[in-house]
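Presented below is the structure to which this report refers.
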Amino acid sequence: MKRLLLLEDGSVFEGEAFGADVETSGEIVFSTGMTGYQESITDQSYNGQIITFTYPLIGNYGINRDDYESIRPTCKGVVIYEWAEYPSNWRQQMTLDEFLKLKGIPGISGIDTRALTKIIRKHGTMKACLINEGNSIHEALENLQKSVLLNDQIEQVSTKLAYASPGVGKNIVLVDFGLKHSILRELSQRQCHITVVPHTTTAQEILNLNPDGVLLSNGPGNPEQLPNALQMIQEIQGKIPIFGICMGHQLFAKANGAKTYKMTFGHRGFNHAVRHLQTGQVDFTSQNHGYAVSREDFPEALFITHEEINDKTVEGVRHKYYPAFSVQFHPDAAPGPHDTSYLFDEFINMIDDFQQKS
């Protein structure tokens, strides 16, 4: 069956339908990863987005039980050049097509993803829709241009109830803004006792859990939409060590007076080179974000620790006076290189230092 991809600017791409037989709309973005499609599709940071994979062949090792970043993916669609109808991998349980059908996510293949990516790079991310052949392009485009993207993504993906992942090590409260399971795995490997709490949890509720440290997770959307989270961070910093990742990084920076802005097309993939400004060390990182921390009017209480090599985006900050730091990239690296997984050890060491001084 033929399927059409329509962009807000009027661009139309025709391809073959695969995945779920439904129509959809959302913000279209692109990811430059060669592999890791399962982790990307199940990453809640893609909530409400149609993912374009720039690598030409996707799905060649199928879907397996180990690489989920969430059980219920909330991306809106998948755009690829070619999907592997007959994947081969000893871990696979189903094909990409079967997985998308199971999760109700439509896909389109046979698209010139290079041309599509050039449009997004030039004009920025925009609204898009997937419709089946036979429907009115004019009507679909008119409805798309009138539509409004929702800004309550974190409300959709954050846990509604607190839950624990038992361990014998540090007591960590993990604030869920759209948590990736790989963050849980990294903390569990360090024997942490983890309590995952909703994004609406107050500072006092966190303090009542007597945590050794607080981790602010990744998540979708605009940090401007979370004033309560900013207040929570302001009230706990200095009392408990803090580590922020992705959305958690943006919220931590904003809570200390930094500004954030929407990027033209964002960073999505796991080949982004980041420089540690103090040591000069360059790491390749996994990233998925459409907003970033601005250097403009940068607050006195923070200093920049990392920057992206190509566009100088702020990739990490640290507090001058409190035991707290954050990074824009994903040190859990799922998918992606493990160059920066040491930051979880740095978080644990920061907790030890804070407790010794206290």
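Glycine too: its Cβ is placed from the backbone N, Cα and C atoms.
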Q) Which residue of Ser11, Ser25, Ser45 does Swiss-Prot report at the same L-glutamine site as Gly219, Gly221, Met247, Gln250, Asn288, Gly290, Tyr291? A) Ser45
Q: Within 10 Å of each Cβ, count the other Cβ atoms and name the one among the binding-site residues Gly219, Gly221, Gly290 with the highest count.
A: Gly219
Q) Name the residues of the same chain, 6+ apart in sequence, whose Cβ is under 8 Å from the Cβ of Ser45 (L-glutamine binding site)? A) Gly178, Lys180, Asn218, Gly219, Pro220, Cys246, Met247, Asn288, His289
Q. Setting Ser45, Gly219, Gly221, Met247, Gln250, Asn288, Gly290, Tyr291 aside, what same-chain residues sit with their Cβ within 8 Å of the center of the Cβ atoms that define the L-glutamine site, listed in sequence order?
A. Phe177, Gly178, Asn218, Pro220, Asn222, Pro223, Cys246, His289
Q. Reported as an integer number of Å, what is the Cα distance between Gln250 (L-glutamine binding site) and His330 (active site)?
A. 13
Q: In whole Å, note down how far the CA of His330 (active site) lies from the CA of Gly290 (L-glutamine binding site).
A: 14
Q) C-alpha of Asp332 (active site) to C-alpha of Gly221 (L-glutamine binding site): distance in Å? A) 20
